[in-house]
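**Student:** Starting off with a structure, shown below.
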Amino acid sequence: METLESELTCPICLELFEDPLLLPCAHSLCFNCAHRILVSHCATNESVESITAFQCPTCRHVITLSQRGLDGLKRNVTLQNIIDRFQKASVSGPNSPSETRRERAFDANTMTSAEKVLCQFCDQDPAQDAVKTCVTCEVSYCDECLKATHPNKKPFTGHRLIEPIPDSHIRGLMCLEHEDEKVNMYCVTDDQLICALCKLVGRHRDHQVAALSERYDKLKQNLESNLTNLIKRNTELETLLAKLIQTCQHVEVNASRQEAKLTEECDLLIEIIQQRRQIIGTKIKEGKVMRLRKLAQQIANCKQCIERSASLISQAEHSLKENDHARFLQTAKNITERVSMATASSQVLIPEINLNDTFDTFALDFSREKKLLECLDYLTAPNPPTIREELCTASYDTITVHWTSDDEFSVVSYELQYTIFTGQANVVSLCNSADSWMIVPNIKQNHYTVHGLQSGTKYIFMVKAINQAGSRSSEPGKLKTNSQPFKLDPKSAHRKLKVSHDNLTVERDESSSKKSHTPERFTSQGSYGVAGNVFIDSGRHYWEVVISGSTWYAIGLAYKSAPKHEWIGKNSASWALCRCNNNWVVRHNSKEIPIEPAPHLRRVGILLDYDNGSIAFYDALNSIHLYTFDVAFAQPVCPTFTVWNKCLTIITGLPIPDHLDCTEQLP
């Protein structure tokens, strides 16, 4: 509060600003203090109005005045509002730093105001102190005059009486140029309050003016709007501030934890080094003692050998000086044997003396450990992996996901997450929903195969790289399973149809051998049909049929209960796209709908969405939609084909094309 109070203090009077002026240099000054500055610059016979400039007492910037003098400077209304609120807070606050001084000032002002507010109705001189001010009459009264002028009867009982206040507060804002006139309009040109005379005969007569109420509503609305935006912005800033403070707290806590961990780990390393130092030092001492003991023994042996040899050498030299042959031969034989024995014994000691017992091949090489210590650093979470969609593979119920990592050496394990993709809009929400994800933890390689997936379904995959410091996830990757693969069932083929060895092509063959009758075989004359070897009861599936010159065929699906003696589409248990020469129709329950304009099909695409109940036919080569059946499936369905001429070839186990994938079309 003391710091704020110093900011609200006038540099001249050292009191809180009163009626502050906003100077062009952005500093403020009390109106009366500015007036006193002008008076101080006046010569003896010079008026204040003749002063056209003065210096700001704060920054010494020269303030140039207009013809209006100080009245031409704008009031610092914002500063005045802050001072008013500060004064209220200071008076009401029991622990205000300037409470005592403010109480004295408040009491003094009260006494001064009480002395100055005199009765305006008294005939006495001086007038008595006013006890009430009548807002209705705009007059202050002493007790005696109040009783005389405001008896307790109408209309005086309707007058509003308040504690005595100065006359200027009763009468409202007065015009700066016409002291006896109240301001009652607003000059838009000068952005100033004026009276009627200013508009009629004053310098504002040619200016654009507006009613106070109009300007009031506009300014109030603008202020309310700005205030709302400011409050909203402050709320956002407070939320951001709270998050920043919370983040700072987390940083402090985590940093303290890491510092403690660092100290603990370094102390442990130092302890290990000291232990190793002690162990290696002990080994060195033991090695030194052992080697010195051996060397001491060798030294003693050498000395003993030298002493013996010296005595023998002396005797031998003495014998060599003997010139008497008989005497020489008498002593030389014994001496020669002793010299030979001494030479042999000294030769035995020589290899031991040359043993490597000087520690010259012993070395302390800690260069590798030093490099490791120099590389010590805190561990961070690994970089996010990247899913390599071009390397990923899929079948109708499996997807093998491949990914790469920039810092694979720092990864302890990977975690694979996946879920069904239901549209672009749900990617973000799915990432925030843990319940919808399947999780495969503790993967050590850069690939993984997920089994048991739905066929013809798109999935979102994310890979998380994990180490002791944390984890980071890859961007979502979208992969989809293929459709259910199937082949033609030869046991169901009509006797006049021939199925290829790979069970993928069927053709009309009048010369086909007779086939045994089975319940699943098409039998009726003209119903030259063959079924697939699967029954589908869930998921989305897509396959294509290559038209190899046939001009009379039907392609569709049927329940297991569909009659084998009828064409497909002729009953309620089958649906078909048919070509009869140049006529193209879709057929169900004997109801035919023509396809117009007639397509020129070389390959037909069939999209079955069992769960959502639809069978759609497409021109596969030109990506043109032909027709869609909406079906509430009651039983599993089987792909079914009828051919009256030439042949048809099926291509199955395909992924659903992107332009047919409804999930790609969601917003």
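Just so you know, the numbers here start at 1 and follow the chain as drawn.
Glycine is treated like the rest: Cβ placed from N, Cα and C.
As the structure is a computational prediction, the values presented were derived from the model and not from experiment.
What Swiss-Prot records for CYS119, CYS122, CYS142, CYS145 is Zn(2+) 1 binding site. Per Swiss-Prot, Zn(2+) 2 binding site is recorded for CYS134, CYS137, HIS150, HIS159. According to Swiss-Prot, the feature Zn(2+) 3 binding site maps to CYS175, HIS178, CYS198, HIS204, an assignment based on sequence analysis. Residues or ranges marked as coiled coil by Swiss-Prot on the basis of sequence analysis: 205-264. The feature compositional bias 'Polar residues' is assigned by Swiss-Prot to 471-485. Sequence annotations record features per position, and here Swiss-Prot assigns compositional bias 'Basic and acidic residues' to 499-520. Annotation source Swiss-Prot lists phosphoserine at SER92, SER96, SER511, citing a large-scale study or a structure entry. Residues or ranges marked as region 'Disordered' by Swiss-Prot: 471-524. Marked as zinc finger by Swiss-Prot: 10-60, 116-165, 172-212.
Describe the structural surroundings of these features, if you would.
**Tutor:** Shown in sequence order, LEU118, CYS119, PHE121, CYS122, ALA127, GLN128, ASP129, ALA130, VAL131 are the residues of the chain, 6+ apart in sequence, with a C-beta less than 8 angstroms from the C-beta of CYS142 (Zn(2+) 1 binding site).
DSSP classifies HIS159 (Zn(2+) 2 binding site) as coil under the three-state reduction.
Taking a C-beta cut-off of under 8 Å and a sequence gap of six or more, CYS198 (Zn(2+) 3 binding site) has these contacts in its own chain: CYS175, GLU177, HIS178, MET185, CYS187, HIS204, ARG205.
In the predicted model, the coiled coil (205-264) shows an average pLDDT of 90.
Here the compositional bias 'Polar residues' (471-485) has long-range neighbours at 381-387, 389, 392, 394-399, 401, 403, 415, 417, 421, 427, 431, 453-465, 534, 536, 539-543, 652-656, 661, meaning same-chain residues at least 6 beyond its ends whose C-beta is under 8 angstroms from one of its own.
A Cβ distance under 8 Å defines the sequence-distant neighbours of the compositional bias 'Basic and acidic residues' (499-520), meaning residues of its chain 6+ beyond its ends; these are 487-493, 528, 530-531, 533, 548, 564, 641, 643-651.
Residue environment of SER511 (phosphoserine) contains 6 other Cβ atoms, counted within 10 Å of its Cβ in all protein chains.
Broken down by DSSP into helix, strand and coil, the zinc finger (10-60) contains 14 helix, 10 strand, 27 coil.
Remote same-chain residues near the zinc finger (172-212) are listed as 68, 71 (criterion: CB distance under 8 Å, separation of at least six residues from the stretch ends).
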**Student:** To see if you understand the setup: which same-chain residues, six or more apart in sequence, place their Cβ under 8 Å from that of CYS145 (Zn(2+) 1 binding site)?
**Tutor:** CYS119, PHE121, CYS122, GLN128
**Student:** Other than CYS119, CYS122, CYS142, CYS145, which residues of the chain come within 8 Å of the Zn(2+) 1 site, judged by Cβ distance to the Cβ centroid of those residues?
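**Tutor:** Here the non-site neighbours turn out to be LEU118, GLN120, PHE121, GLN124, ALA127, GLN128, ALA130, SER140, TYR141, ASP143, GLU144, LEU146.
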**Student:** Near CYS137 (Zn(2+) 2 binding site), which residues of its own chain have a C-beta under 8 A away, given they sit six or more steps off in sequence?
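**Tutor:** Those within reach of CYS137 (Zn(2+) 2 binding site), by Cβ under 8 Å and sequence separation of 6 or more, are THR149, HIS159.
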**Student:** Please report the Cα separation of SER511 (phosphoserine) and CYS134 (Zn(2+) 2 binding site) in Å, rounded to an integer.
**Tutor:** 124
**Student:** DSSP helix, strand and coil counts for the compositional bias 'Polar residues' (471-485)?
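**Tutor:** Per DSSP, the residues of the compositional bias 'Polar residues' (471-485) fall into 0 helix, 7 strand, 8 coil.
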**Student:** What are the sequence-distant neighbours of CYS134 (Zn(2+) 2 binding site), meaning same chain, six or more residues apart, C-beta distance under 8 angstroms?
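**Tutor:** Expected: SER140, TYR141, HIS150, HIS159, ARG160, LEU161.
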